[in-house]
Amino acid sequence: MSKRKNNASFKKSNKEQKQHGKKKNHAAQKHQAKPQGNQGNSPNQGKKAVTAELTCNGFSNDGKGLVDWEGKQLKVPYLLPGETAEIAITKKGKYYNTKLKRVLKPSKDRAKPPCPYYYDCGGCQLQHMNSSAQDQLKQNTVDHLMKPFVKPEPIMTMDHPWDYRNKNHMTFGLTRNRQIIGGLYAQNTHRIIDMDRCIIHDPKADQIVHTIKGMMKSFKMIPYNEDSGQGFLRHVLIKVGKASGEIMVVLVAASPIFKGKNNFVKALTKEHPEISTILLNINDKDTSMVLGDQEKVLYGKGTITDTLCGMKFEISPKSFYQINPAQTEKLYGRAVEMAELTGKETVIDAYCGIGTIGLIASQKAGKVIGVELNKDAVRDAIRNSKRNGVNNARFYQGDAGEFMVQMANHGDKADVVILDPPRNGSDEAFLSSVVKLKPKRVVYVSCNPETQARDMKYLVKNGYTVEEIQPVDMFPQTHHVESVAKLVRK
Ligand code: SAH
């Protein structure tokens, strides 16, 4: 691994980004930084760069330092409150790009990022802060957003905030000398950083990717080239059952024709007998999505299982499963507690994924109704209820908002609504139907406290009170924070 200096090695230029890769947003790489608002992470690209010596006076929610400059507030990646630093500022259209050049007065919270790719990758945003400062930042973020409601509880942190991701994918490419490389994309680009280890990934998963990278040449698996559309292997996606030890390997290829696949499977499973299943996913589209529609099982049963809160769950390549199961158990534990179930309640598990929260709650509820958009996830949820001997849960495929509108129109009853929507939160159809259904309690699980606060404002206006809020650090080293809230009907 290459060595990289601390603090001041913020060297990448935008020119370099352009030379090496297409600049496009990669939605599928969920844990990677997206371009943030007006100040991108990218270094100077305009003509008139100025360098200013500024002192950071706060944090943005996405972990960037805030500085005041010429009457404007700018965000500076990798800068910490209290620090004085040289910052390059470039005007680009209406916006300003900032780049931390040199820290003159470091904060006591500054840490040396353990990952050598940290400043290039962008998947993590907080490795330049020590753990307690990360916790404090996330706590402050949630505290600030939840000010209109109730004071949040202390954040639930992770003892070992590394190696936690149970789902990883790496992308492959060729250098100009036609050497095979594989790793994660550099931030805001499709330039691949050749790496064997991402320290928030499951270590076994990375070892398997490393082995595959080494096998590609002899199996004539040419990396796919996004620009020319030539080549075969696009990505390798690995899912690990942290409790079960089961491992799924998904080879994402541009074509279904995989000569030598049997020998490949034999060689890979010989090297890694811990692999439970291998699939070939065909993605022949010009897309940032990792997985395509077609799938072929090459080895094993095509799914893995994992245990969460004492229940077994089946996971398929496409279905959503929380990526940090240790913290998920804490999160779900709090969510079920907040639901205050006595065994009689009708519980709606909206945005239910593979049914995890609903099935865990079903043990303490009268009945559970789950709704989820992704049909693979719904199929997994139904299988999961059978696998766990649950007979008081039903799962439906559809838009959660539309489903709730129908329930409200039919005059159906629900005592508790648990919702866990994606980052953009819920919608008015859903929330207004909650108000019509009048559940006694609403438990709102969220991976984006900003949209959670927005949606809770609606519920509070329409007859609910927020009683408790619990932040949970599900994604250490990144600026993301999860939050679960309990609302009760007045
Ligand atoms: N509760 C689950 C999944 C949460 S992630 C868990 O903890 O594992 C959010 C889920 O919402 C995803 O499974 C996604 O497919 C689903 N989803 C997204 N938009 C939706 C919509 N409009 N209606 C229903 N489900 C939706």
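Residue numbering: from 1, along the chain as shown.
Any Cβ shown, glycine's included, is placed from N, Cα and C.
Around the Cβ of Cys447 (active site), the number of neighbouring Cβ atoms within 10 Å comes to 21. The DSSP secondary structure for Cys447 (active site) is coil. Taken from TrEMBL, the feature active site covers Cys447.
The feature active site, nucleophile is assigned by TrEMBL to Cys447.
The S-adenosyl-L-methionine binding site annotation in TrEMBL covers Gln322, Tyr351, Glu372, Asp420. In the shown protein chains, 29 other C-beta atoms lie within 10 A of the C-beta of Glu372 (S-adenosyl-L-methionine binding site).
The compositional bias 'Basic residues' annotation in TrEMBL covers 20-33.
The region 'Disordered' annotation in TrEMBL covers 1-47.
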Should we count any of the recorded positions Gln322, Asp420, Cys447 as near ligand 1, judged by a CB under 6 A from one of its atoms, and which?
Gln322, Asp420
Excluding Gln322, Tyr351, Glu372, Asp420, which residues of the same chain place their Cβ within 8 Å of the centroid of the Cβ atoms of the recorded S-adenosyl-L-methionine site?
Phe320, Asp349, Ala350, Cys352, Gly353, Thr356, Ile357, Pro421, Pro422, Val445
Please find, for Gln322, Tyr351, Glu372, Asp420 as listed binding S-adenosyl-L-methionine, the greatest distance between any two Cα atoms, in Å.
15
Roughly how many Å separate the Cα of Asp420 (S-adenosyl-L-methionine binding site) from that of Cys447 (active site), to the nearest whole number?
8
For Gln322 (S-adenosyl-L-methionine binding site), which residues of its chain lie six or more apart in sequence with Cβ-Cβ distance below 8 Å?
Leu308, Thr328, Leu331, Thr356, Met474
Tell me the Cβ neighbour count for Tyr351 (S-adenosyl-L-methionine binding site), meaning other Cβ atoms within 10 Å of its Cβ, over all protein chains shown.
22
What kind of secondary structure is Glu372 (S-adenosyl-L-methionine binding site) part of, going by DSSP in three states?
strand
Report, in whole Å, the straight Cα-to-Cα distance of Cys447 (active site) from Tyr351 (S-adenosyl-L-methionine binding site).
12
